Every structure is written in structure tokens, then in C-alpha cells.
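**Student:** Questions regarding the structure given below will be posed in turn.
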Amino acid sequence: MKKIAFIGECMIELNGKPFAEMWQSYGGDTLNSATYLSRVSSSKEIQVHYVSALGTDNLSKQMLKYWQADGIQTNWVLQDEQHQPGLYLIQLDAQGERTFLYWRNQSAARYMVQHPDFAKVIAELQQVDVIYLSGISLAILPKNDRTFLIEQLSSLAKKGTEIVFDSNYRPKLWDSLEEAQDCYLQLLPSVNIALVTFDDEQALWKDKTSRDTLERLHKIGIPKVIVKCGKNGAIFSDRYLSQYGQVIPEPILNVVDTTSAGDSFNAGFLNGYLRNKSLEICCQQGNRIAGIVIQHKGAIIDKVAISHLQSEFN
């Protein structure tokens, strides 16, 4: 059995029109990926853990129950009596593109590294095969906590744990572009797989093409690089096995909500990767699940919509 731990934040989601009909759910980039990975995987082959912090309020307790119902291991989700989950509001336009408003500065996840039990979590992470985090996982933390987490991940990487990173660059979460760049450059040398989006990389590093992104990340020392390019699918490269290619998805005519397009792609990819599939097949799986997810509203869609993928993938 392979074990993977996702580090990050899950927030309460409000989705709809301001001062009109809205519906409540939850989501967050790493939790979205963890959920979709757990749903499309066999629990006998892949064990999914989540590392975060929640409050002791009823909403936090209910979210934990939902995660557990999806098969996610929550023993590394810390309980914080002083803070609650963050909140975000999604507003959609006619094309399914979204804008976000956030209330997260005092969220429990922001302070997880300072939790008295976080050191125990770091020690227990030595038992997992893969650790997944994103730029948002880092951005929400106070600066000293970011540095500490990166140091711990670097130490785990040296002991053989694989680190998977999605840059997921959100400018509003950083004091400056340079701050984000400096933080990423501290982590990237320890990363085994970069699962990035070209738009983010272009904003961060001024890459002109997806090939520029591949080459830049390989030069840093990352063995496997996948660049997500929206409707153009994904390109992949493995500098050791000389794998290189592009996987283009089937066109989706009914795009409803792209909130979790990249997150769900990562889940499909990781399901394949953890079962030793080729990078091409991993990307095909990523496209497959993302193509379904974007036809539904919300970060985490009804599990029935992708229930057939477990047998298809496995």
C-alpha cells in the first residue's frame, strides 16, 4: 500500500450570487485533491492522509465527518480551540469562470505549525511515501512557519519521501512577487514532481512557453514536471526516463465551474503515479476526472458523478 499526505487548508465555501441564493460547502486546493484521489482509488492500494488544523466548532466537526466518509485519514488534522476554519465566496460568470473573496487570516490552518502537536505530525510523516502541498499551503502560513515547514520537508526528502508540489500561485496571498519566488525557490530543490499550471508559472517567472517552464524546473533539479495548460491538456517530462509528451483532453462543451479543474487533475494523476503508471497515462487520468468535475458546480462535486472512475482507473 502507498501512503500519501496532503498538507494545506480547507475552508467553508459559499457559492452563488451576492445577497441572493447561495449554497454552503467546503473546499481548498489540497483538500480537493485529497478528496478526489481518495474517491477514485482503492483503499487497499492507496491511503490518503490530510494534514491541517480545524477549530472545535460544529462546522469543523462536520467537515471532519465528511472527509472521513470519503476515506481520508484525519488523525493528522489538529484541533485548535482558539481558531475556526477560513471562509471563501465564489462568484461565477456566464462562462463558468470564477472570482473569489476570502476570509482566512485567522483560520486554524494558518497556525497549524505553531500547534503543540505539529512536531508529532512531522515525526509521523516519515511513514508516508509521498507528501503533497501547494503554494497556497505555504502562502497562508506566517513567514517563520513557512521556513520551518520547508526545512522539515527538505529533511524528509533527504530520507526518501517524495515531495509533490503544485505552485498554485495566488498573488493576493503574498506580500510581493519576490516573496513568493524566494519561498518557492527554497522548496523546489526538494521536489520530485512539479504539478504546475502554465498561467501560474507565467505570472511567477515570466515563462513564454510551457516548454520554458519544463526546462526551468528541470534545471532546478526536479525530475518529473507536468505543466497543465487548460483546454490544451498537459505536457509532461521526465528527465531521467526521457519521457516527453502532451495529453490533450476531449473538448468539454458544458463548462459550469472550473474551480477544481487543476486540483482534480492532480488527483487523477496521482492515482496513476502511486500505482506506477506512465506519466502519459497519469495525465490522461487527470484530464478524465477534470473533464467531469468542471461540468458541475463547486469545488467538491457529488461523488456519484465520478464513482465509475474507480473501476476505470484501477
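Backbone N, Cα and C define each Cβ position, glycine as well.
Copied straight from Swiss-Prot:
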ACT_SITE  ASP263  active site, proton acceptor
BINDING   GLY28, ASP29, THR30, LEU31, ASN32, TYR88, TYR102, TRP103, ARG104, ARG170, ASP263  substrate binding site
BINDING   ASN168, TYR169, ARG170, LYS228, CYS229, GLY230, LYS231, ASN232, GLY233, SER260, ALA261, GLY262, ASP263  ATP binding site
**Student:** Taking only C-alpha atoms and a 10 A limit, tell me which of ASN168, ARG170, CYS229, LYS231, GLY233 are near ASN32 (substrate binding site). These are the binding-site residues.
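**Tutor:** So far as Cα distances go, none of the binding-site residues lies within 10 Å of ASN32 (substrate binding site).
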**Student:** Return one of helix, strand or coil for TYR102 (substrate binding site), based on DSSP.
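**Tutor:** Note: TYR102 (substrate binding site) is in a strand by DSSP.
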**Student:** May I ask which residues of the same chain, at least 6 positions away in sequence, place their Cβ under 8 angstroms from the Cβ of ALA261 (ATP binding site)?
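**Tutor:** Listed in sequence order, they are GLY230, ALA290, VAL293, ILE294.
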**Student:** When the number of other CB atoms within 10 A of each residue's CB is tallied over all shown chains, which of the binding-site residues GLY28, GLY233 has the maximum?
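**Tutor:** Top count of Cβ atoms within 10 Å goes to GLY28.
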**Student:** Could you state the CA-to-CA distance between THR30 (substrate binding site) and ASP263 (active site, proton acceptor) to the nearest Å?
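**Tutor:** Cα of THR30 (substrate binding site) to Cα of ASP263 (active site, proton acceptor) measures 7 Å after rounding.
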**Student:** For ARG170 (ATP binding site), write down the residues of its own chain that are at least 6 apart in sequence and whose Cβ falls under 8 Å from its Cβ; none is a fine answer.
**Tutor:** GLY135, ILE136, ALA139
**Student:** Among the binding-site residues listed here (GLY28, TYR102, ARG104), which has the Cα closest to the Cα of CYS229 (ATP binding site)?
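**Tutor:** It is GLY28, whose Cα lies nearest.
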**Student:** I need the CA-to-CA distance for LYS231 (ATP binding site) versus the residue listed as 'active site, proton acceptor', whole Å please.
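**Tutor:** Approximately 15 Å lies between the Cα of LYS231 (ATP binding site) and that of the residue listed as 'active site, proton acceptor'.
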**Student:** If you compare CA-to-CA distances from TYR102 (substrate binding site) to each of the recorded positions ASN168, GLY233, ASP263, which comes out shortest?
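**Tutor:** Considering only the listed recorded positions, the nearest one is ASN168.
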**Student:** By CA-CA distance, flag whichever of GLY28, ARG104, GLY233 among the binding-site residues is nearest to ASP263 (active site, proton acceptor).
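**Tutor:** That would be GLY28, the closest of GLY28, ARG104, GLY233 to ASP263 (active site, proton acceptor).
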**Student:** Specify the count of other C-beta atoms within 10 Å of the C-beta of THR30 (substrate binding site).
**Tutor:** 26
